[in-house]
Amino acid sequence: MDATYAPAEAENIAVCIRVRPMNERETRANDQSALACVPALNVVSLTDPETGAPMTGKGNVFQYDQIFDATSDSHAIYERVARRIVHSTLGGINGTIFAYGQTSSGKTYTMQGDGGMPFEPEAESCRPGILQLAVEDIFSYIESCVDRDFLLRVSFLEIYNEVVKDLLNPKDKGANLKLREDPRKGVYVECKEEIITNYEDIVTLLQTGNQNRTTGQTAMNDKSSRSHSVFRIVIESKQKAESRRHSEEDVNGAVLVASLNLVDLAGSESLRYTGAEGIRQREAGNINKSLLTLSRVINSLASSGGGGQNAPFRDSKLTRLLQNSLGGNTRTLIICCVTPSDRFIEETKSTLQFAARAKDIQTSATVNEVLDDQTQLRRLKREVHDLKKLVNSEALSALKAENAALITEKNNKEKEMARLMGLIVSSSSVTKASVGKKRKQRTRETWGPGISWPTRRLWVRSYLHGNAILLPKRTWIRRLYSVSTKMMKTLRKKPKTPRWAHL
């Protein structure tokens, strides 16, 4: 089997900001809001700590693709920015959605909600995240699609202290999975994949993975994620057999394959706020190191528009795993989560700056098709048939007629141009002839007045003793003048007296 790709479409990474409400700790501490949001303009700005008024100037005002304030829920985020990514995967285009921000900023809640089971959209107590909404949308699409068969596979990984673990395989919990690279699939991990057929399967796997995920208590979060997690859904689809038989279009046996990566990053931590010690301190160090590498990769990609030949992807397992999502064949959405508390203004500003750089990165998303030899042969035969049909089509006849008309028009214009050039030459000749005639009329006739040119010529012939040679005008005038001068000199001469006459 071989893979083919549709023409790449360069597009920028989508970036949005989600500002969570104040939590109980921040409310008890009388923290003030340090952010002012204008969702209508997709603008967020820092506020003056003394007056509370929005600050202006570079570094204080930021604009993104979307801004979601404390009143927005996950449904709004999914509908406005995430749905497009999910639907792309159903059409064979890879997609990645990940949440970024400091610890306790609402990343896990944004991606997974309250983790309720089963998912009931009508229940007021259920607060789904992007993951649940995406899965529900995928199954709704599959049910409404009557001409394609779908196969869904799910895997769940975590990166803890630079060790990649399979959350769906607890027996192999301590194993460090290797990152591998394939020209078609990009960077991947060989891990356990579960085939799912309904929404309940997804929820069960999500709960199983979360139970195996590493979490811990800090001063800022009672259940803080101590690792980065990647929930991956691989979607394969092909045209149904009965649809192929009755379709007038190309017999298409190609399999569309795309992966949807839902990434929940661990939050950046400041030890002065978390109070982490021992193991928690080591975890925080590895988390911050991987996030720092991610920031360096973002900076490199943003400065090159997405080329990033020198981006340090290999400096961290996280950036290595996200390499295809940040600079390859994927549509990517980054949800940056921030807290409005003025106590964490520096961390919030750092997150906003990260988001501002990330939105300048470009990726090239393509449709991924897997073709077997038989399908590829059928497709080539169909293309040959279409080309032959085009040769004999009315469209080609119309093109031939149009071409003949253009050639005729070209020939007519060439003839007209030749005629006009002839008129220009004739006009020049007539002008020269008339000028010469006028000059002849102005010339003073010093001999033979009233005698026409033929008569003068005959007279010259006679005078020159029958010389029948036709001479140019100037030549015979000179000769005539010479002969007449000699005759006059001869007549004026006195006869010499012979010497003997004096004797």
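Cβ coordinates are placed from backbone N, Cα and C, and glycine is handled just like the others.
Predicted automatically and left uncurated, TrEMBL annotations should be read as such.
Here TrEMBL flags 12-361 as domain 'Kinesin motor'.
According to TrEMBL, the feature ATP binding site maps to Gly101, Gln102, Thr103, Ser104, Ser105, Gly106, Lys107, Thr108. The Cβ neighbour count for Gln102 (ATP binding site), using a 10 Å radius and every protein chain shown, is 22. A strand conformation is recorded for Gln102 (ATP binding site) in the three-state DSSP classification.
Feature annotation from TrEMBL assigns coiled coil to 370-416.
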Reported mean pLDDT - the domain 'Kinesin motor' (12-361): 85
Greatest C-beta neighbour count within 10 angstroms, which of the binding-site residues Gly101, Gly106: Gly101
Neighbour tally for Ser105 (ATP binding site), based on other Cβ positions within 10 Å of its Cβ: 27
Reduced DSSP assignment, Thr108 (ATP binding site): helix
